[in-house]
Amino acid sequence: MRTDRTFTMLKPDSVEKGHIGAILEKITAAGFKISAMKLTQMTTADAKEFYAIHKERPFFGELVEYMTRGPIVAAILEKENAVEDFRTLIGATNPADAAEGTIRKLYAASIGENAVHGSDSDENAAIEGAFHFAGREIF
Ligand code: DAT
Ligand code: MG
């Protein structure tokens, strides 16, 4: 059996609202193992780099403001089929479209403040994990 990794952030709104514990409970109950985890805060330069793919989008400024306004929980998660299964667990980008029981349906306020990040490919999971964690922090 192949074990894959994905990368997640519990975004500033999740930390502000006290949802860290509840969201981690859903993640571990769904079978994800935590390989790395920390409370950290992105700088403006960090957020611009992390979300560079969206830099021409009209919401880019708001996205950078939001992602830097307070601490996040960054984590690397391990599970068979991790990337796809985690995207299913978090639900659609817009919580209004997210399936019942998904993390975004339960905890996200809007498309702009949508509670959690999940990598969209194995390649991006590796890039995003390495963006936040040194090798010695990954177990
Ligand atoms: P996802 O986070 O589901 O991978 P994405 O990569 O398309 O979604 O966008 C990254 C983040 O940008 C998303 O989590 C929230 C924000 N965002 C995306 N589309 C938006 C929109 N139409 N208005 C405001 N923020 C948006
Ligand atoms: Mg994305």
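All positions are counted from 1 along the displayed chain.
Here the Cβ of each residue, glycine as well, is placed from N, Cα and C on the backbone.
Taken residue by residue, the domain 'Nucleoside diphosphate kinase-like' (3-139) breaks down under DSSP into 65 helix, 26 strand, 46 coil. According to TrEMBL, the domain 'Nucleoside diphosphate kinase-like' annotation covers 3-139.
The ATP binding site annotation in TrEMBL covers K11, F59, R87, T93, R104, N114.
The annotation active site, pros-phosphohistidine intermediate is assigned in TrEMBL to H117.
For ligand 1, the binding-site residues lying close by, meaning a CB under 6 A from one of its atoms, are F59, T93, N114; the full candidate list was K11, F59, R87, T93, R104, N114. For the ATP site listed in the record, the two most distant Cα atoms among K11, F59, R87, T93, R104, N114 lie 21 Å apart. Remark: of the binding-site residues T93, N114, the most isolated position is T93 (fewest other Cβ atoms within 10 Å of its Cβ).
The highest number of surrounding Cβ atoms within 10 Å, among the recorded positions F59, R87, H117, is found at H117. In this structure the C-alpha atoms belonging to H117 (active site, pros-phosphohistidine intermediate) and K11 (ATP binding site) are separated by 7 Å.
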